[in-house]
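To start, the structure itself, in structure tokens.
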Amino acid sequence: MSRQDPRYHVNLFRPKEGHMKDEVLIILIVLIGWAVVTFGFQILLAFSRGRGIGDLLTGLTLFGLPLHFWFTGQFLPLWFIILCLVFNVYIDRITAYHSRKRDRTYE
Amino acid sequence: MNDSQWTIGIVILVLVSFILVGLKQKARESMEYGFGGRYTGRIGGGAAIASNWMSAASLMGLAGLIYLNGYQALAYVAGWTGGYVLLLVLLASQIRRFGKFTAPDFVGERYGSPAARFLTAVICIAISVIYCVAQFKGIGMIFSFLFGIDYRHGVIYGGLAVISYLVLSGALGVPRNQQLLYFVIITSFIVPLMWLAHRLGYFWLLPQFSYGEAVGDLARQYRIDFAAPFNSGSVYEWCALCFTLMVGTAGLPHVLSRFYTVPNLRDARWSVVWGLFFIALVYWSAPAYAVFGKLIEARMGHVLPPAAARSMADIIVLKTAVLSGVPGWLAGILAAGALSAAFFTVAGLLMTGAASVSFDLYYRVFHPQASELSRMKVAKGATLALGGIVLLLALNPPGLIAEITAVAFALAGNTIFPLLLLGIWWGRANDDGAVAGMLVGVVCTFAQPLFGSLSPTVAALFPLTSSALCGAPLVILVMIAVSLATPPPPEQMRRFLASEVHGHLG
């Protein structure tokens, strides 16, 4: 790969300095939040069945729903909205920051 | 008029009024509509994203599966909302900056390969056809319910109705009013639900929350545990389905092009947040229909056996409303919302599918000298041909609405999503990798029917509706391996990716 101009390397895990580095950081944070809350919760629920935490998750109720049902059916869509909101606010901020630094990366 | 005539009358009224409103709008302003509607700000953009997304699968199929499988089917709720997170953070801005707004266009440009472009076009058309089969099933079930005829006649009349509607609005040149469509869909879904909650004795103003009590009542009074986790499937199946729907969202051809109707990137990003909120409004409500449906059955004293429940699960929303005695006009509003969602989804998918046949296959591959006129003719013929294929397939639907739709998501997630992802985020991905990846992706999607009988492991790892949890990572690995073993893509494309798509050289 060394014979190619390294300035033109695009790789999610090796972002360029500046706007792209900040962008990739927030992307990875949001993706971790997305994966852990969606799939981590289901795995926790499945493996804690019949034990303390599992009983708590299915036993407690919120709005009349068992906690796990409320979490998956109602909180997860809300969580995704929050993630998108956080992402947009952050991207708006780094865009403003880097355009002040004359790094015209955007639009 | 009796109740069912009221219902049918309301349905016809709503569908006709879409054409009338569209015509009036067209006469008032002669603007360029492009991909579906003028710009109406971030909230309007969000409503357009949501109405583009809503289909028979969201409005009928989702409640049906929750009614059948309880907690297990919440994978659809999470999967059909969480996909927008992936789409927003990984693809939306970059693909917009890349400047190609259909999957075949993007693949053709990025990988510079006619073969990859051809394959992508074929896959996109297949996705549209599978997706439409599910819509036709929904339309057929509503027609058979409204007119009291059997399913096969329902789907034939419904199919003819939707194709005539498509031809008529195409001939009149009616623009789609996405904001109005969203308003009709959401009102027609939530108002009957409020009525239902009131009738059954729960807090009617926010049925999205008050159905929780009904879940408790079902468990206490009738010993039906609706909420028990992983009762009708394993946690692997849950996660595989949810993941498949999420990556499929980001790969669906008609979802991608939505980002081009909003004039600037920032508003496009923010309209996703609004769109997701508008979509979530429906998904917060759908489980309530399922729970109320179960409760009414339990109160009337006949809980259906599994086979009978499965055969009517897709119409549970309407059936619940009618069983609880909603007035005919309200049932009509409910049916009209679901029907218009299905009609416009079919219209959008058949038209993009036909455009793809005409442009990507006929013009690009077979007849590069074809004139504008002959391409138009091919597109019109292809619309009817695709409609006919969908109708034939829908006569014997292979599963429930949401399940059929999930197969389309799996195909998109296994093929289009990896191509977009690596195409944007890895400059080294090349045309050989793309072609190999797509072929592996198609095999992964249909691995269960193809090899399931030979190997139970394959059948367990790649369920037909949820093959992308293993499929998409496998395709990505294949693409990386094949790309590294073959020459890199042209310098020009790598430069374009680095400087235009990923910003200023710093």
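Any Cβ shown, glycine's included, is placed from N, Cα and C.
Annotated features, as they stand in TrEMBL:
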type	residues	note
TRANSMEM	B:6-23	transmembrane segment
TRANSMEM	B:43-67	transmembrane segment
TRANSMEM	B:73-92	transmembrane segment
TRANSMEM	B:155-173	transmembrane segment
TRANSMEM	B:180-197	transmembrane segment
TRANSMEM	B:235-256	transmembrane segment
TRANSMEM	B:268-286	transmembrane segment
TRANSMEM	B:329-357	transmembrane segment
TRANSMEM	B:378-395	transmembrane segment
TRANSMEM	B:401-426	transmembrane segment
TRANSMEM	B:433-454	transmembrane segment
TRANSMEM	B:460-485	transmembrane segment
- At least three Cβ pairs under 8 Å linking the transmembrane segment (B:378-395) and the transmembrane segment (B:329-357), pairs spaced 6 or more in sequence? yes
- Query: Top stretch among B:6-23, B:73-92, B:268-286 for CB pairs under 8 A with the transmembrane segment (B:235-256)?
  - Reply: B:73-92
- Can at least 3 Cβ pairs under 8 A be found between the transmembrane segment (B:180-197) and the transmembrane segment (B:329-357), with each pair 6 or more apart in sequence? yes
- Report, as numbers and ranges, which residues of the same chain sit near the transmembrane segment (B:433-454): CB under 8 Å and 6 or more residues beyond its ends. 107, 111, 113, 115-116, 119-120, 123, 407, 410-411, 414-415, 418-419, 422-423, 461-464, 467-468, 470-472, 474-476, 478-483, 486
- For the transmembrane segment (B:73-92), could you work out the same-chain residues 6 or more beyond its ends whose Cβ comes under 8 Å from its Cβ atoms? 58, 62, 65-66, 238-239, 241-250, 255-256, 259, 268-269, 272, 275-276, 279-280, 283, 286-287, 290, 402, 406, 409, 420-421, 424-425
- Item | Same-chain residues near the transmembrane segment (B:43-67), Cβ under 8 Å, at least 6 residues beyond its ends | 36-37, 73-74, 76-77, 80, 131, 134-135, 137-139, 141-142, 178-179, 181-183, 185, 189, 254-255, 258, 261-262, 267-268, 270-279, 282-283, 286-287, 289-291, 293-294, 309, 313-318, 337-338, 341-342, 344-345, 348, 400-403, 405
